[in-house]
Every structure is written in C-alpha cells, then in structure tokens.
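Q: Below you will find the structure I want to go over with you.
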Amino acid sequence: GRARAAHVTAVARVKGQARRGTPNMAAAGAAAAAAAAAAAARSPGSPATTAARARRLPPLLVLLAAAAAAGPGAGGAARLYRAGEDAVWVLDSGSVRGATANSSAAWLVQFYSSWCGHCIGYAPTWRALAGDVRDWAAAIRVAALDCAEEENHEVCRAYDVHFYPTFRYFKAFTKEFVTGENFKGPDRELQTVRRTMIDFLQNHTDGHRPPACPPLGPVRPSDILSLLDSRDGRYVAILFESNSSYVGREVILDLLPYENIVVKRALDTDKAFLEKLGVSSVPSCYLIYPNGSHGLINIGKPLRSFFSSYLKSLPDVRKKLLSVPERPNKAETPEIVVWREFDRSKLYTADLESGLHYLLRVELAAHKSLAGAELRTLKDFVTVLAKLFPGRAPVRKLLETLQEWLASLPLDRIPYNAVLDLANNKMRISGIFLINHIKWVGCQGSRPEFRGYTCALWKLFHTLTVQAGAHPEALDGTGFEGDPQAVLQSIRRYVRTFFGCKECAEHFEEMAKESMDSVRTADQAILWLWKKHNFVNNRLAGHLSEDPKFPKVPWPSPDLCPACHEEVKGLHSWNEGQVLLFLKQHYGSGNLVDTYAEDQGDASDGGSPPGGGERERGHASPEKPRGDQRAESARPPSVLPPRPRLSEGSHLGLDGRLQSVSWAEGRREAEAVVPFLGMGFSSLDMSLCVVLYVASSLFLMMMYFFFRVRSKRWKVRHHRPSV
C-alpha cells in the first residue's frame, strides 16, 4: 500500500514539475523513480514481492520522466500550446465565445487538432508569430483552440470547422455570433500571416476599429508640415516607405503599448518633399523630438526590428499600463499517465474501435449536414466498413445498421445528428455497441499528441484491404464486387472529403492520382497501401509530429518480419511476396485481440448496468487471441450499452440528457422500445412517416372528391325526367 502511494505521489510530483517548467526534468524523473523504488523496498512483504514491485515501477516512471523532459504537452491532455508558457491565447469551449464576442480587440484564432501532423509541425511558427506580435495584443490577439479535446467538439461544430488547421479572423465589437472570416493569405509563413493581420485591422470601419489601434493609413505631406510646427511634448516618428511596404504599420503596432511617442507612416510619392527633408532612401525614419527639433535618424539597417528597438529606447519612452484582460487559463490537476503494455505483433480491437468512435462522432461532426458527393462518399465508406470490419459482433451490427439505414434513405441530404443518434444508439437497438471514448493500445504515443487517431486510421485502412482480399464475397451485392480498387477508392474519397488534416489529405490524393489506377488485384491493393504508408513515414521522419519513442522507420521492421528484408548488392531490398504474407497475417482476423477492449456487458439478462466496463489500469490482462468471431460473439451485447463515465443510477435519455432512474426502470423502458417492429426509430424516421401519412391522406381525399364530383356530373348529364 505504501509502495503504491509513493508511486502515485512520485508520478504526481513529476507531472507537477513538468507543468512548472522545472529545468532538469530528467533529474526530477530519476529522483521520483528513486523515491518510489525506495518506498517499495521499505514496504512489508516477501523479498520476491518487493523485487517484483521494484521491477514494475521503473517503466512507467521512466516514461513519465521522458514525457516531462519533452516539455509542454506531456500532461494527460494533448495540447500544442500551454497557457502561461506561450504567447498564444489558449481558448476552449468555455472561453472562445466570451473572448471574441464584443471584444475591444480583433482576434486571429487557429482551430487545430492535436493529432494532426501538419498542426504539430506548424505549432512553432504559430508560437513565434504570437511572440512576435505580443505588443499588438490591445489591437489584435493570436489564439488557438484544440478541436481534438472532447469538451471542444461541439464548439468546433458551431464554428463550422471542417479541416485542420483552420484560421479565422474575428473583428472587434462583433455583437452577434459569427463563425469568423477565413484566412486568405497565399501561404502560412509568419511574415505572410502578420501582414494579413494588418490588412484585417485596416478593413475595420472607423466606428468598429479597436480603440487602442491608431490609424494605419499614410499621412499627407501637409500633415507632416503641421507636425513639424507643433510641439506637444511627445516624440513623433514618421516612417517613410513605399506603397507596398508594411514596415511602417508594423512599427506603429510595435509601439502600441508605449507612451510619450506617436508613430506615423508616409509614402515616398512626393520626391521633392522627401528631398527637402533629406530622405534619400526608404524605408527611413524622421523623428520630431519633444523640444521641437527634428531630423533624420541613422539606423544600422532599415528593418522593422531596428526601427522599433531604437524608438523604444528613446528617453522617457516607456510601456504604459494597458487594460488587457487576463488570459483564459483553467486550472489543471495532476494526472497519472496510464501506459498499457502491448505486443507490436498484434492488432488491437481497442485501437480500431477507438478510431471508429473518433471517425463517427468527431470527424464527421464537422459537417452539420451531408449531401451530394459527401453523402455518397459516406455511404460507400460505411458500406466497406460494414462488410469488411473484422471486429466484435456488436460493432459490426452497428455498422451494418448504419449502412442499411443510409442505403434505404430516399433523401439527398441528411443532418449529421441523425448519424450521431444511430452511433450513440439513441433508439436502444438490441445488440449494437461502440466505445464512446478513446483508449489507445498499439497506437499509444509517448506524449498524448503523438500517434493516436492517425495510427488507428492507418491500421483500419490496412485491415480493410486485407479483409477485402480474404473475403471478396463480402462485397457481393454492393456494387463493389469484382473491383480490386473498390476499398482503396472508398478510402481515397473518405480522406479527401472528411479527413481533418487538409494538407495530409492533399498528400494522400497526390499519391492516389499518381498510381492507384495501376492496381489490378486485391493483393496489389494491399501492397499499394503498404508502399504509400512507408512513403509517408519516410517523408515525416524527423518531423515534429514524429514520436521519438516510435520513430518513423520502414515497416515491418526486421524483428517483426525477418523474411521481408533482403540485400541486393549491398542495398536493402523488400521481398514483396513475404511482405504480402506478413500483411495478411498481421491484419487478419486471427491476429485481432480484445485485450483492453471495452467490456460490453452481458446480454443474457437483457442488459448490463451503466458504469460497467473496464476501469483504467496500469497492468495488462492476459492476451488471448480472439480468432474470427463472425460466427458468434463470446460476449453478447446489452440492450443498454455500458457508459463507463456515468455514475450509478444514471442513464442517457432519448433527448441526450442525463436522467436519474433506477436500473430496473431503465431496463423496462429499453425493453418497451426494442420490440416495436424489431427495431427503434429516430426522429428523422418518424418525421418521414408523418409526412408520408399526411401526403397519402391528402391524395386519398382529393381522389374521393374528384370521383364524387365526377359521379354527380354523370348523373346530371344522363338523368331522364319522367313524364
């Protein structure tokens, strides 16, 4: 008991030091490990038990120490930006609306996802931008919001964010809710974004411009002459520049938080006026001193940083107290990182199901409605999933139900919420289940932002190509039968349409255009995806998104598949025949294990109480290969899927709100719903039924009156009066 307490205390200490920015993190981790090991040695028990405990502690502590040494983002939440450590304003679902609505400053917000490789690679640029324009905060602020965080899913939907990263401008004094203006720069380099920020500020009307932002337009020569004749006790710096230069406006904003100085800009159009002032080249700075004297100042290099630094160093020029609001910063509590031991040679159900959860409930949620090509892409991809996904029976049944519902829809547009209702089993259909949170196993990273969803998506894609080759009959009747490219093309369209990382999707599309059409057999499809995955790994090797604990190397590695690797004249070569055999075995149904997979409860009594499911643990349960479970499921699903995050005595009602009821009442309610025609109906289904009923009723009434009137006319026409 004391050993466990010391272990948790040591972990919390390391996590706390990581958040405080302790300089020597490796030393902190080593000290924590030593303290925990010492406590374990002091705890009572047999020497064997003590030794076993000591052997179990170091891996987790070493991992935590390494994560702490890696710096920000090593905590339980995957964040690329840290409030209080970066100049970036870190927003979330509780602060973004309050920050941007009716603000006295404009905002530039990056909506990103912490699993997106491009977002990870762009983070240093965004941090550098925020630091570079730190002094502009009274006029415009640089912020970021992580759409991968569960609490931010809804707000990212509300702001209509489809891809990552998405950059939005919010004007000052915007009273009504707006989703912001999209960034329209030619690229995302620091200088380009900084200049578009200036353009955005100048697009404000005079009545809505941030009050702290001075006019950024050029002054006329006549205005400069009046400044030369006036004396108001302040420095007045005039930056002469060309019409295309941004130096003057950048210096104006750099000096925004400083008092006793005013900065203005003028253009070099009047050559005679410039010659009169002695300005021979631009950009140049002409300075009017508080005592009325004036003249051209000599700057080492005509650069923004040189001008700003010189003006800030003038006597009596100092920072003024600005009423900049406090940055949103929610308190963070130390968390214990739970590492799940796993076998790299196995494929884990938990990874595939977590990937499906994120795909259906988060990534698709970026689209409020689905229509046209988007809807067709979703139908095709769900069809491939429903026919080829090798996971547990309840998940397969959910995918099959979703596929059948999409296929039977008479509509060309559907709201995303209808898909979400089915994924969440709001209709309480018996025998379907999908984990409602993320639990990575083989896709774990040394830090939360590494690997995760992208890893699971690659595993899912590989699994689908292998299953298509192993069970070609599964696609019979879908329109995909006999097409070796069917799975690859469905994956391609899904990535192009829905995958959140836009740059990643564009790279995948380039690879597909280049060679996907050359695929002629199912085996070639398996190898095509493997080659492209290795190509991506090679391109991203050394990138900021690469996990140092899981480097991006050619896969499979020699220890996993020795026969896959050969040497030809001293150069490495792949034995593609052996690679194909390895891929079929690795992503086959027989290699899929349920270790760490969420418990689905026991359906023998009609369901399982909420809150059932596996608790987060640091020790692995024994691995048992599950084999192919298409015939039957070892664990029948419950009518009410377990909700591990809900307390006892609570369940999720049909309106999506938590309701406190007893388990027996919840079970009776579920049983009352399920038997109705053998399935449940969503609000969309019921609406369609009502519309069709009303339409048919109106049609029957019209036909009735039509024949009634026609009958009367016939009687009048053929009536013969009697004599």
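In case you wondered, yes, glycine gets a Cβ from its N, Cα and C as well.
If you look up TrEMBL, you'll see 613-633 marked as compositional bias 'Basic and acidic residues'. As annotated by TrEMBL, domain 'Thioredoxin' applies to 60-203. Taken from TrEMBL, the feature domain 'ERV/ALR sulfhydryl oxidase' applies to 446-555. The feature region 'Disordered' is assigned by TrEMBL to 594-653. As annotated by TrEMBL, transmembrane segment applies to 690-707.
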Q: Which sequence positions outside the transmembrane segment (690-707), separated from its termini by at least 6 residues, show Cβ-Cβ distances below 8 Å to it?
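A: For the transmembrane segment (690-707), the far contacts come to none.
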Q: Could you give me the DSSP helix, strand and coil counts for the domain 'Thioredoxin' (60-203)?
A: 56 helix, 27 strand, 61 coil
Q: DSSP helix, strand and coil counts for the domain 'ERV/ALR sulfhydryl oxidase' (446-555)?
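A: For that range the per-state counts are 71 helix, 3 strand, 36 coil.
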